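See below for the structure under consideration.
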Amino acid sequence: MSKRLVSAQYAAGDEVRWVIALIISITAWRLLVADLLPVMRDEAYYFDWAGRLAWGYFDHPPAVALLGLGVVIEPGSTLAARLGAVLFGSAALLVLWRLYRASGLRAGNGLLLALILSVATAPGLVAGVITTPDSVLLLCWPLALHEALRALQGQRRRWLTAGLATGLGLLGKYSMVMIGPVFLWALVRADPRALRTPWPYLGGLLALLVCSPNLLWNAQNDWLTLRFQFGHGFSTDSGPIRLAADALPAVTGAQAYAREQPTPMDVGERLSSLGGFIGEQLLFWGLVLVPIGIAVWRAGRRAYQRADEGSGQGSDERPTWHFFWRVGWFPSWRLGGVGGGIKPESEPELDRTISTLDPAAVSLLGAAALVPLGLFALVALGSEVEANWAAPYLIGAVPFVALLLRRGFDGGVDGGVDGGVAAWALAAAAGNLILISVYVLYAVTAFPPLPDAAGRVLRESHGFAELADYSARLPEPVIADRYQFAAMLNFYQPQLAVSQWPGITRPSEYGRGRIAPLPNPQALRQTGFWLLTRKFSPPEITGFDAVETRSLYSCPDGRFTVIDVSATWDASGCDEPINGWRLYRYRVDAMH
C-alpha cells in the first residue's frame, strides 16, 4: 500500500471524526435549547396539527405536522414536541456533508469550515430547534441538490431520487418549487445531453407523484392552502375563503375582521422593501459578516494589484468603479456568461478560489444561491417578504463563502483544520452561537435586559402555561379570537380543545373544525363561554352579550396576575408586564 493511499485514508478518517464531532456537538446544543426554550405560538399551532394528521392544512402542506408527533407521546413537553425538528436538523447536517464533499470540498480544503458556517447562520441554528415548515425544507433542499449533483456528474438515474427529495420538500413547503429552475439551469450548463434522456423528466414526474396527495387534498378543499399561500406570499386577493366556522354567529362592529386589501407600492416603498430584504439576508450571517467583508476586501485588493502588475499601470490611474468591478468576483459569470461574454478582470483570482469545486457543483450551487435571492428580491419590489422565505440560498452560498474566507485571509495555504486562518471564521461562528444562547437565556429568564425590539420571543411564549392552567379551571368553555392563543392553550392543556371564533382575526385551520371541534352554538346558549383576546373592549357577537371581564398579566419575574375587572397595564403588579390578555364572559342575549 502506497504512502499516498495511507495518507488519504488517514485524512478521510480525520474528516469523518471531525464531522461526527460537529454533528454530536450541535445536536447536543439543540437538544438543550429545545428543552429549555418555551414553545413558540406558531410551533404550538403546528403541534396541534400532529393530533389530526391529514394531507393538507389551511396554512401549509402536511409534513410539518409529522415533526410534532412527540406531543402525542408526551403532551405538554417542549422537548418531546421538538424532537422531530432536532432529528431533521441532524439529518440535514449529514446531507450537507455529503453534498459539499461531492462538490469537491475536503477536510483540509474548506469542507469543515463550510459545515460550521452552515450551522452558524441564524436559520442553521434555529431550524434544528424551532419546528416550522422550514425544518422540512432545509433538509429536503440539500438532499435534492446532492442527488442532482450526482446526476450531473454522470449518474443520470439519480434524477429519480432528486425528484423524490423534491416531492418530499413540496410536502413540507411550497417554496421547494424554486429548485426546479435551479435544476434546469444546472442541466443546461453542466449536462445538456441529459435533456435528451428520460431521467430528468421522470424525476419531475416522481416529484409530482409524491406531492400529489396534497394537490388532491387541495382540489377537494377549494384549493385552500394554495390560495392562502399565493395571497399571503404575493399580497394579492385570492378570493374569499369559506370555512365551516362561518356558520357560527357573526362578529359585527369595529372589532370585525376585514382582510387588508393590497395596495400598490410607490417607488420609495419598493426600494425600502428591497433594501430591507437584502439587509435581512445579510444579517443571517451574523458575526460571520466581519470575516466575509475582510476576505472580500483582500481578494479584491489582490486581484487589483495583479492586474496593475500585468498592465504596468499604477492604481491611481484607475477610476474608483474599476476597483469595485474587480471586487465583485462572485461567480455569476460562470453561471451563464451573462453580458456578452465579458468576464471580470479578477478572473484568475476567481479561478483560484473556486477551482476546488467540481464544475457541475459551481453551476448547481451557484444557481441554488441566486434563484431564491433573485426571486424574492423581485417579490420584495411589490409586496412584503418574510426574511426566512429565501433562507435556502445559504445552502448554495456557503461553499463559495468558505473558499472565499480561506483564500481571502491566507491565500489558500492550508494549515490546521481548513487553513490556519479559519480561526477568524470559527470565532465568528462561535460568537453567533453565544449570541443565540444568550437570547435563549433571555427567553427563559427575561435576563439580561434587552431592547424592546428583541422582546418578541418573550411575547411569543411567556405566561401561556399559566394562562392555560387558569383557563382549565373555568367552568365554561374557552374560545380564542386568534389561532395562536388557541394553539398555546391546547399545547399546555390539550383537554381544553380550544377553537377560534371566526371573524375577529385572520382565519386558520381551526375554522375547518378538524384539529379542534367547532363551538356548538346551541350548547353555548345554555352555558355561555369565555373569549380570550388582547382587545381592550369585547367584540360584538350576534346573539350574545359580554357580561364579565377579567384582565390577566404575565410579569418578567414569573408572576401571573388575574384581576376580575377591566384593568390597565399598571394594575399588573409589575413595572412592565410581558403579556396581557382579556377574558370576556358571554351569555345569550336576552333579546334572542
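Just so it is clear, glycine is given a Cβ too, placed from its N, Cα and C backbone atoms.
Residues or ranges marked as transmembrane segment in TrEMBL: 16-33, 54-73, 79-99, 111-144, 164-187, 199-217, 282-300, 360-383, 389-409, 421-442. Look at TrEMBL and you will find 59-217 tagged as domain 'Glycosyltransferase RgtA/B/C/D-like'.
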Spatial neighbours of the transmembrane segment (164-187) far in sequence, C-beta under 8 Å, 6+ residues away: 60-64, 133-137, 140-141, 143-145, 147-148, 152, 194-195, 200, 203-204, 206-211, 214, 225-226, 229, 335-336, 360, 363-364, 367-368, 371-372, 375, 389, 392, 396
For the transmembrane segment (54-73), distant same-chain residues with Cβ under 8 A (at least six beyond the ends): 43, 45-47, 79-85, 88, 131-133, 135-136, 168, 170-174, 211, 213-214, 216-218, 221, 224-225, 228-229, 491, 494, 507-509, 511-512, 514
Among 16-33, 111-144, 199-217, 360-383, 421-442, stretch most in contact with the transmembrane segment (389-409) (C-beta, under 8 angstroms): 360-383
Stretch in 111-144, 282-300, 360-383, 421-442 most in contact with the transmembrane segment (79-99), if contact is a CB pair under 8 A: 111-144
Tertiary contacts of the transmembrane segment (421-442) (same chain, 6+ residues out, Cβ under 8 Å): 29, 33, 36-37, 113, 116-117, 119-122, 125-126, 286-291, 294, 402, 405-406, 409-410, 415, 448, 450, 454, 457-458
Contact set, same chain, for the transmembrane segment (360-383): CB under 8 Å, 6 or more residues outside the stretch: 102-104, 141, 145, 148-149, 152-153, 175, 178-179, 181-182, 185-186, 189-191, 233-235, 262, 265, 270, 273-274, 276-278, 281, 331-332, 334-335, 354, 389-397, 399-400
